[in-house]
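For reference, Swiss-Prot has these:
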ACT_SITE  D142  active site, charge relay system
ACT_SITE  H218  active site, charge relay system
ACT_SITE  S534  active site, charge relay system
DOMAIN    29-106  domain 'Inhibitor I9'
DOMAIN    112-603  domain 'Peptidase S8'
DOMAIN    386-460  domain 'PA'
CARBOHYD  N175  N-linked glycosylation site
CARBOHYD  N202  N-linked glycosylation site
CARBOHYD  N233  N-linked glycosylation site
CARBOHYD  N357  N-linked glycosylation site
CARBOHYD  N395  N-linked glycosylation site
CARBOHYD  N519  N-linked glycosylation site
SIGNAL    1-25  signal peptide
Amino acid sequence: MSKTILFLALFLSIVLNVQISFVVAESKVYVVYLGEKEHDNPESVTESHHQMLWSLLGSKEAVLDSIVYSYRHGFSGFAAKLTESQAQQISELPEVVQVIPNTLYEMTTTRTWDYLGVSPGNSDSLLQKANMGYNVIVGVIDSGVWPESEMFNDKGFGPIPSRWKGGCESGELFNASIHCNRKLIGAKYFVDGLVAEFGVVNRTQNPEYLSPRDFAGHGTHVASTIGGSFLPNVSYVGLGRGTARGGAPGVHIAVYKACWSGYCSGADVLKAMDEAIHDGVDILSLSLGPSVPLFPETEHTSVGAFHAVAKGIPVVIAAGNAGPTAQTISNVAPWVLTVAATTQDRSFPTAITLGNNITILGQAIYGGPELGFVGLTYPESPLSGDCEKLSANPNSTMEGKVVLCFAASTPSNAAIAAVINAGGLGLIMAKNPTHSLTPTRKFPWVSIDFELGTDILFYIRSTRSPIVKIQASKTLFGQSVSTKVATFSSRGPNSVSPAILKPDIAAPGVNILAAISPNSSINDGGFAMMSGTSMATPVVSGVVVLLKSLHPDWSPSAIKSAIVTTAWRTDPSGEPIFADGSSRKLADPFDYGGGLINPEKAVKPGLIYDMTTDDYVMYMCSVDYSDISISRVLGKITVCPNPKPSVLDLNLPSITIPNLRGEVTLTRTVTNVGPVNSVYKVVIDPPTGINVAVTPAELVFDYTTTKRSFTVRVSTTHKVNTGYYFGSLTWTDNMHNVAIPVSVRTQILQRYYDEN
């Protein structure tokens with residue numbers, strides 16, 4: 001799992017070239033989840049955890065050796081080193097909701113905010129109306145922070161909010177009294193879960209700081225994207241020059257380091273969430289996720305997020321980087337806001353001029369001098385032009401020349417290294433779009449598609465002495481560059497809860513320019529361009545900060561609804577949004593959820609699909625949680641209704657029907673947050689072959705009526721099993737268009753897998 005700055009799909013973003021080397025411990029770490037706290041006193045909560053372990057292990061010494069963390073603020077539970085049989089024994093205790101094995105999570109700019117319309121240019125802009133996020137606190141759970149970055153300076157900041165109960169922890173090369181300020185108001189680190197599971201990290205192989213300081217830069221990049229201060233004249237290898245800032249430059253940032261050398265222990269992440277809830281964050285941002293989709297009740301971040309959301313804290317989290325394959329989406333709990341990644345209207349065209357005077361525009365992040373004209377070669381037998389064979393079969397014909405190769409799969413750094421080691425001067429790589437550009441000032445590496453690669457190959461074979469010139473990359477932005485869902489972005493449908501649409505929303509996550517640790521191999525003056533849903537997540541978190549500033553009384557689900565129902569389904573220029581992959585197609589809700597985030601529209605959505613904890617309880621009932629389990633989660637006696645509710649009635653800003661056979665009726669409720677006296681009419685764009693009827697077709701709101709419910713009757717005309725078809729349901733008052741995606745699959749034969 002060792003990759004570097006190609007930003008490949010294995011990580012949510014690639015930030016360092018490491019291989020974890022741990023000493024394997026005998027016992028494993030398990031999280032014993034007990035639900036809502038029974039005591040307000042944290043010490044009493046911890047004592048109850050010790051007593052439970054004592055009943056199993058038999059001595060105080062064994063308890064102290066076993067316990068890793070006590071979760072005692074946002075919820076109750078503990079992490080402990082247990083054998084498999086001990087974990088089974090403790091899971092059978094009546095007060096235990098779930099015993100969850102420890103999981104390793106992977107860590108998944110100047111132009112971004114202007115592209116989305118979040119500009120400080122006028123007094124009526126979202127940024128100005130929200131006072132740039134001032135007095136809001138965002139918690140970032142990631143790999144730490146590089147506090148010296150100017151993006152975290154506190155010039156112009158007032159006092160830290162009085163409600164803040166957190167603080168800063170000193171550690172290796174991190175002095176709390178020096179490195180924290182009125183902007184960076186919190187910094188803590190959590191590593192005990194990782195160490196308890198795998199032993200002490202080998203810091204010779206995996207350099208790290210035992211403190212909140214960020215070694216690799218992932219967390220620094222994320223935090224500065226959310227709320228970095230204004231910093232003029234920033235560029236990256238001379239490209240993308242402009243004023244760098246986060247989405248909410250006035251926000252207070254609290255950093256919780258739970259990720260080490262690219263990996264995050266679930267026990268550590270859960271402890272970070274517990275502390276953040278206690279400290280008083282208003283929003284949580286997590287650019288991380290499991291390598292495979294997990295059920296919410298066995299997934300650490302989902303457990304922590306449930307309690308955060310129940311306390312009014314929105315949780316924004318990455319969709320994952322396992323795309324473009326279907327059903328790869330992770331972080332699928334209905335109470336979190338799951339973010340996919342798109343490109344933005346910026347690219348870096350790089351001119352390739354052949355000896356026949358034909359110029360091809362590839363893509364690169366190359367800030368070096370012009371190269372050429374020099375020789376151009378295509379490695380024939382035994383390489384057959386395959387990029388992946390270059391390193392295994394060094395070829396002397398590459399010396400002093402630019403090499404053309406074709407990549408059948410996601411390319412690796414080995415191809416670039418092979419050309420450099422053979423004395424090559426540059427590399428032109430024909431491949432499927434992966435948004436994996438290596439920044440460089442010395443060695444030009446240019447990406448093109450297979451069609452353009454074939455054109456170059458024809459030229460090479462048409463002349464005895466092919467030559468080529470490669471110019472430095474340029475920055476191009478505006479309507480001539482279309483928006484696409486990134487190839488790496490994980491896709492729906494949701495394999496864990498198919499009736500819950502995931503992702504929820506998309507945001508720019510390709511070549512995002514933000515602050516970085518100087519240790520990073522891609523650092524250029526304290527900044528770097530990175531790609532991944534890790535980078536898209538803080539873009540959405542920044543918007544959530546601004547919405548929270550303007551609407552402090554809105555619930556997490558209200559904020560999610562406002563974002564989803566106002567999203568662009570075309571890009572800001574009005575052009576269609578495509579989804580990159582092995583073949584390019586028009587994007588659909590499984591690629592981008594409600595669409596591309598539209599911050600200015602989200603401020604005034606008109607109507608919202610709101611939810612409370614009671615709605616999530618109905619979800620738990622619908623997916624067969626027991627009354628006892630739900631009661632433990634909530635800390636109060638709860639009985640599911642009989643008959644059990646339908647998951648289709650969960651008041652989400654989307655409708656997803658995975659197994660339609662005949663007809664189904666579902667319900668939604670909307671709350672008016674726009675003009676008091678409003679009349680909305682429904683507009684239906686049904687999926688192909690699907691009939692959709694809404695009753696009533698008109699919703700009237702006034703001073704006494706702020707909520708209205710409606711039913712949606714859905715039936716199919718298909719006579720065979722189909723794939724998903726997509727449409728939309730929109731309420732409009734001619735000023736607001738409140739749109740939700742509709743996704744329907746007909747299943748005449750139930751639970752049938754068709755390989756044809």
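Cβ from N, Cα, C; glycine included.
For S534 (active site, charge relay system), the nearest neighbour among the listed recorded positions (H218, N233, N357, N519), judged by C-alpha distance, is H218. For the domain 'Peptidase S8' (112-603), the model's average pLDDT works out to 89. Considering only the recorded positions D142, H218, N233, N519, the residue whose Cα is spatially closest to the Cα of N357 (N-linked glycosylation site) is N233.
When the Cα atoms are compared, H218 (active site, charge relay system) and N233 (N-linked glycosylation site) turn out to be 22 Å apart.
Recorded residues N233 (N-linked glycosylation site) and N202 (N-linked glycosylation site) have their alpha carbons 39 Å apart, per Cα-Cα distance. Of the glycosylation sites N175, N233, N357, N519, N519 has the largest number of other Cβ atoms within 10 Å of its own Cβ. Sorting the recorded positions N202, S534 by the number of other Cβ atoms within 10 Å puts S534 first. Within 10 Å of the C-beta of H218 (active site, charge relay system) we count 31 further C-beta atoms, all protein chains included. For N202 (N-linked glycosylation site), the nearest of the recorded positions by C-alpha distance turns out to be N519; the candidates were D142, N175, N519.
In the domain 'Inhibitor I9' (29-106), the DSSP tally of helix, strand and coil residues is 31 helix, 26 strand, 21 coil. Rounded to the nearest whole angstrom, the C-alpha distance between N519 (N-linked glycosylation site) and D142 (active site, charge relay system) is 17.
Within the domain 'PA' (386-460), the DSSP-based counts of helix, strand and coil residues read 26 helix, 18 strand, 31 coil. The two recorded residues, D142 (active site, charge relay system) and N175 (N-linked glycosylation site), show a Cα separation of 19 Å. In the three-state DSSP classification, N175 (N-linked glycosylation site) falls within coil. Summarising the environment of D142 (active site, charge relay system), the number of other Cβ atoms within 10 Å of its Cβ, over all protein chains shown, is 29. DSSP assigns N233 (N-linked glycosylation site) to a strand.
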